[in-house]
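Copied over from TrEMBL:
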TRANSMEM  168-190  transmembrane segment
TRANSMEM  197-218  transmembrane segment
TRANSMEM  233-253  transmembrane segment
TRANSMEM  265-285  transmembrane segment
TRANSMEM  291-312  transmembrane segment
TRANSMEM  319-345  transmembrane segment
DOMAIN    413-620  domain 'PPM-type phosphatase'
Amino acid sequence: MIPVRRINLFLFLLVFISCGNKFPERPPIQFTFQSKTTEQIFMGEVLWSEVHEMKYHFGYWKPSVWVKFNLVNPEESTKDYILELESPWVDSLILVWKEKGKVVEKRFDGSAAFASRELQHRNPTYQLTLDPLETRTIYANIKNSGILNAPFRIWGINSFFDRIERDYVANGIYFGIIFALLLYNLLIYVSVRERAYVYYCLYLTTLGINYSLLGGFFKQLLVPDLTMSIKPYLYVSVNASLTFVGLFSLSFLNLKKVNPWLDQVIRFSVLAFGFLSILAFFLPHNWMEVSFIYTFPYMFLLLMSAGAYSYIKGVKSSLFFLLAWFTLFVGVIVDSLTKASLIPFSTFGRYGVQIGTAFEVILFSLALGRRLRFLLEENLVAKNQLTTIKKDLETARKIQMRILPDQLPANQNLAMMVSYFPLYDVGGDFYDFFEFNDGLGLVIADVTGHGVSAALDSSTVKIAFRNAKEYNKSPKELIGAMNRFLCTSLHARFVSAAYLYVDYEKKKLSFSSAGNPPFVVIRNGEIESFECPGLLLGVRPDYQYEEQEIGLQEGDRILVFTDGLYENLKPDEEPESILFPEILPIIGYSQELFHQNLLNRLSRMRKVSRDDITLISLDIT
C-alpha cells in the first residue's frame with residue numbers, strides 16, 4: 001500500500017499548483033452568434049451579450065461566434081502587445097479593428113501551412129502596437145467544426161517570450177517523459193516479450209501524437225510546410241489511444257482469468273474505438289468531439305471498475321493502475337472545467353491534461369515494473385521447478401532404461417539389434433526377451449500416450465511379461481496372460497504388443513499380436529510383411545488371441561517395430577507402402593548400417609516426431 005502521507009502530499013501539490021500562478025491577461029468579452037459581416041459589425045448592427053470576464057466556451061453545436069473585447073494601453077508611451085488565441089485546432093479566425101481610421105483585418109486558416117503564419121507560434125498569434133493611452137476595440141470571428149471557444153490572452157512582448165520559454169520547458173518535460181518511458185518499456189519488452197509492454201508502448205506513442213496535434217506542435221515542428229487539417233488525425237489518435245489502453249488493461253489485469261465478463265466488455269469497447277478511429281475521416285468533426293464527452297468517462301469507469309475488481313482478487317499491481325487513472329481523471333476534469341470557464345484559469349488548469357497523463361504514464365510504468373518483478377520471481381520459481389523436473393525425468397529415464405534389457409542376445413543362431421528413441425526423456429515403448437538354448441522369445445509393446453505416465457505403465461507391462469514366462473513358447477497364450485493381467489492393472493490405458501518366438505532347431509517363427517504393426521521379413525532381396533490381428537491389451541480379459549507361424553532361412557532379417565517408426569509420414573498410406581520403398585535401396589546393408597540408414601531416410605521424411613520409436617532387427621544366422 002502507498003502511505004497516506006504520500007497521498008496527502010500529492011493532493012496538496014495539486015491544490016497548490018492549481019491555486020497559484022494565475023494569469024490576469026484574459027480580456028472581458030462580449031459575444032454574439034449572429035452571422036454578420038465585418039461591415040455590419042462596424043455599423044453597429046449587432047446585438048452583443050453582456051460583458052463576461054470568464055466566458056470562453058460556447059459549446060459544440062455553434063458553427064461560429066463573434067467576440068468583442070478592448071485592448072488598453074494604460075501607459076503614456078507607445079507599446080507593443082501580443083494577442084494569442086489558445087486554440088491551435090480552430091478552423092478559422094478573423095481579427096478586425098480600426099487603427100487610425102482604417103480597418104485592419106488579420107486572417108488565420110487552420111488548414112494552411114504553418115510557415116505562412118505571421119508569427120511562428122503554435123497558436124494563432126498576432127502583434128499589435130497601441131498608441132499612448134489608447135483603447136482599441138477588437139472584433140474576432142471564430143469558426144470551428146467542434147468545440148467552439150475563445151480563450152484569448154493579451155501579453156506584453158517580454159511576458160510573451162518568457163511564457164514561450166516556460167511553455168517549451170513544460171512541454172519538453174512532458175514529451176521527454178513520454179519518450180523516455182517509451183524507450184524504457186521497449187527495452188523491457190525485448191527482454192521479457194510480455195504483450196502488455198507492446199500495448200503500453202503503442203498507447204504512449206498515440207498519446208504523444210495526440211498531444212502534439214492537440215497542442216499545435218505537430219505542424220510547427222514536423223510538417224511546417226504542409227497544408228493540412230489536423231482534426232481527422234487528432235480524432236484517430238484519441239480513439240487509437242483508447243484502443244491501446246484497453247488492450248493494455250486486458251493484458252495487464254489478466255481479466256480473461258479474473259473476470260471473463262469484464263474481459264468481453266472491454267474487448268467489445270476496444271473494437272468500437274478501433275472502428276471509430278477509421279470513421280474519424282468520414283464523420284462530422286463536432287460529432288467526434290461530442291463523442292469524447294461520453295467515451296472518456298465510459299472508458300474511465302470501465303477500467304477503474306476492472307482495476308478495482310482485479311485488485312480485490314489479489315492482483316496487487318492494480319493499485320498503481322487505479323492511481324494512474326485517478327490522476328488522469330483529475331487532470332482532464334480540471335482542464336475541462338477551466339475551458340468551460342467554471343473555475344479560474346491557473347497553471348494546473350492550463351496543463352491539466354499533460355500533468356494528468358504524465359502522472360498516469362509514470363504510474364503505469366511503476367505498475368509494469370512491479371509486474372515485471374513478479375514475472376521475474378515467477379520465472380525464477382519456474383526455472384527451479386523445471387530444474388527439479390529435469391532431474392526427476394533423468395532419474396525416471398535411468399529407471400526406465402533399467403527395465404529394458406541391458407544386453408542383447410548374441411549367439412550362433414541370430415544377431416539382434418535395437419534402436420529405441422522415446423519422444424521425451426522417457427517413453428511408453430517397451431521390449432524384452434526370454435532366451436533359451438533352443439529359441440528366443442521377443443516381446444515389443446507400445447503403451448498409449450507419451451511421457452512419464454506411459455513410462456510408468458510400461459513397467460507394468462514388463463511385470464505382465466515376466467509373469468507369463470510359463471507360456472514363453474506359445475505366443476497366443478503368453479499374449480492372453482499379459483492381457484488378463486493388464487486388464488486389472490491398467491486404468492483407462494491400453495497397450496499394443498506382439499510376441500515372437502524363434503525356434504532355432506525347427507527354423508520357424510511363431511507369433512501373436514495385440515494391435516501391433518505387422519513385422520517385416522527380408523529374404524533373398526525380397527520384402528514381405530506378416531500380420532496377426534488382435535485386440536489391444538487391457539480391453540477385454542476374456543479375448544482369445546490368434547497365433548501364426550512361418551518358416552525361417554539362414555540370412556533372413558526380421559524387422560519388428562512400433563507404429564512411431566512410420567506414423568505422420570504419409571497418413572493415408574499403409575505401413576508397407578511407406579517402408580518398403582525405403583528398405584529396398586539398403587536391403588543388402590549390414591545390420592548396423594541398415595538401422596542407421598533406414599532411420600535416417602525416415603527421419604528426412606518426418607516433419608515432426610509425435611511418438612516413441614522402437615526398431616528391432618533379428619538376423620538369422
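Quick reminder: no glycine exception, Cβ is built from N, Cα and C everywhere.
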Top stretch among 168-190, 233-253, 265-285, 291-312 for CB pairs under 8 A with the transmembrane segment (197-218)?
233-253
How about long-range neighbours of the transmembrane segment (291-312): same chain, 6 or more residues beyond its ends, C-beta under 8 Å?
238-239, 242, 245-246, 249, 253-255, 258-259, 262, 265-266, 269, 273, 276, 318-319, 321-322, 325-326, 328-329, 332
Should anything in the same chain at least six residues away from the transmembrane segment (265-285) have a Cβ under 8 Å from its Cβ atoms, list it; otherwise answer none.
145-146, 231-232, 235-236, 239-240, 242-243, 246-247, 249-250, 255, 291, 295, 298-299, 302-303, 306
